[in-house]
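As given in Swiss-Prot:
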type     : residues                                       : note
MOD_RES  : PRO3                                           : N-acetylproline
MOD_RES  : LYS14                                          : N6,N6,N6-trimethyllysine
BINDING  : ASN123, THR173, LYS177, ARG295, HIS327, SER379 : substrate binding site
ACT_SITE : LYS175                                         : active site, proton acceptor
MOD_RES  : LYS201                                         : N6-carboxylysine
ACT_SITE : HIS294                                         : active site, proton acceptor
SITE     : LYS334                                         : site 'Transition state stabilizer'
Amino acid sequence: MSPQTETKASVGFKAGVKDYKLTYYTPDYQTKDTDILAAFRVTPQPGVPPEEAGAAVAAESSTGTWRTVWTDGLTSLDRYKGRCYHIEPVAGEENQFIAYVAYPLDLFEEGSVTNMFTSIVGNVFGFKALRALRLEDLRIPTSYSKTFQGPPHGIQVERDKLNKYGRPLLGCTIKPKLGLSAKNYGRAVYECLRGGLDFTKDDENVNSQPFMRWRDRFLFCAEAIYKAQAETGEIKGHYLNATAGTCEEMIKRAVFARELGVPIVMHDYLTGGFTANTSLAHYCRDNGLLLHIHRAMHAVIDRQKNHGIHFRVLAKALRMSGGDHIHAGTVVGKLEGEREITLGFVDLLRDDYIEKDRSRGIYFTQDWVSLPGVLPVASGGIHVWHMPALTEIFGDDSVLQFGGGTLGHPWGNAPGAVANRVALEACVQARNEGRDLAREGNEIIREAAKWSPELAAACEVWKEIKFEFPAMDTL
C-alpha cells in the first residue's frame, strides 16, 4: 500500500462498529415541515442507553448499517439520515421510552405506502439492541400525503351516491361466515336489506371456496340487492369481497362487480397487502365503486402494547392507500377498543385536520389537506342495546354493523334488520330532540320497543349479553 493510500485510509475511513448515537441522536435538530415524523415506544435491552436505542432505530430504518462502509463517502449522509431528535420516558412503565425520529422526505417513493413501511418498520423490529419496539404514530407531511389518491370517493361522495344523510349507516355480516351455498347466502342478503339495513357484508375469509365460488356469490347477491331496492325504494349494497390470491384475479372480480352494477366491493387490506389495496382503490375511483376495507390480521400487528404497530398508524396508512370504509373497533362490543384511543384514530380517519392530543394517543398534529375521509365501521358483538352508545360515540359518519345482532333475532333475519333500523331511527330522533343518549339510552330503546314487536323481541334476547373484559391497549 502506498503512503498516500495508507494516510487516506487512516484519516477518511475507519472500519468497525461505532455507536449510533454519535451520528443519529441529534437532540438539537429542528424538524422540517417536509419530514415524516415517527413516535416509537422503545424497550432497550439491559445496559443499552435510551439514546443509543433511539439512535439505532433512526439508523436502521434509514441510512445506517452495523459498521462504517466505504460508500458512506459517496453520498450526503447528513441529507438522507433519519434523526432521533427527542426521547422521553413512558409514564408508569419501567425501561420504556418514546423515541421521536424524523425522516427526510427524499427517503420515500411518492404514492407508495409499501415503500414507506418497508423503510420505517421493515427491518428495525428485529434489532438485537431492542427488547421490544412499537410504532405508536406517524406524522405524514402534506408534501407526501398529496402524492396519494387516498380513498376512492370519501364520505360525502358516498352519501351522495346512496342518497342517505343525517344518520349512521347500518350493516350486517352474513353468518355463518363459511359453509352457505351461494343461493342461501343471497337469500340472507335479501332478507337483511329488505328489513331496513343499508349494507350486508361478506366476511373477511369469504373469497372463492368450494362450497361457494365467487362468481356465483356475486350473482345471487346482486339479485338480492336489486330485489330489495325495488321493494324499499332505498339504495342498497353488499360488500363483495374481491380479495384473491393475485392482484390480477382481484381486479377481475372487481370488474365483474362493476358489470353487475353493484355499488361497493371489499378488500382485506393487511392480508392482501398495500400494493394490491392501492391498485384496487385506483380501479374503484376510476369505475365508480365504493371500497370497504376489512382489517383482518390487525391484532397480530397492533394488540401488544409494547411491540408492533398501533392501529392508528395502520388507519393512517389505509387513508393514504385508499378505502371508503374500515373496521375501527366498537368500544362497547366483543372486540378490542378503549374509548379515547378509538376516538383518536376515528378522527384521524374522518377529519381534515387533527390536533396533537396525547390523551387520545395522537402524538402529532396531522393535516390531510382535503384527502377524502374514511367511514369508521363499528362491528363485533354489538346489538340493539348498544345502539344509543354507538350513535353517541361514532356520530352520523359511521357504519354500525350487526352480524349476530341481526341474524340472531328469534324471528329471523328480516325482523332482526327491522329491530336494528327501528332502534337506530329512535336514537337519532331522540338525539335530534336534545335528549342525552348516554343517560337515557335504555329508556329510548324501551319506548321504541312498545310500538315495534321486532325490537321488543330483540331487546328480550340480548338483555343479558355482555363482554366484560378490560381493554389491553390503554394510555
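Each residue's number is its place along the chain shown, starting with 1.
From the backbone N, Cα and C atoms, a Cβ is placed for every residue, glycine too.
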**OP:** Return the residues near HIS294 (active site, proton acceptor), defined as same-chain residues 6+ apart in sequence whose C-beta is under 8 angstroms from its C-beta, sorted by sequence, else 'none'.
**Re:** GLU204, ASN241, MET266, HIS267, ASP268, TYR269, ILE326, HIS327
Original post:
Under a criterion of Cβ-Cβ distance under 8 Å and sequence separation of at least 6, what residues of the same chain contact ARG295 (substrate binding site)?
Top reply: ASP268, TYR269, LEU270, PHE311, LEU314, LEU318, ILE326, HIS327
Subject >> binding-site residues compared (ASN123, THR173) - the one with the fewest other Cβ atoms within 10 Å >> reply: ASN123
Original post:
Where does THR173 (substrate binding site) sit by DSSP, helix, strand or coil?
Top reply: strand
Original post:
Nearest to LYS201 (N6-carboxylysine) in three-dimensional space, by Cα, is which of the binding-site residues ASN123, THR173, LYS177?
Top reply: THR173
Original post:
From the Cα of LYS175 (active site, proton acceptor) across to the Cα of ASN123 (substrate binding site), what is the distance in angstrom?
Top reply: 39
**OP:** In whole Å, note down how far the CA of LYS175 (active site, proton acceptor) lies from the CA of SER379 (substrate binding site).
**Re:** 13
**OP:** Show which residues of the chain containing LYS175 (active site, proton acceptor), separated from it by at least 6 in sequence, have their CB under 8 Å from its CB.
**Re:** ASP203, GLY403, GLY404, LEU407
Original post:
Among the recorded positions listed here, LYS177, LYS201, HIS327, whose Cβ has the fewest other Cβ atoms inside 10 Å?
Top reply: LYS177
Subject >> Surrounding CB atoms that lie within 10 Å of the CB of SER379 (substrate binding site), all protein chains >> reply: 23
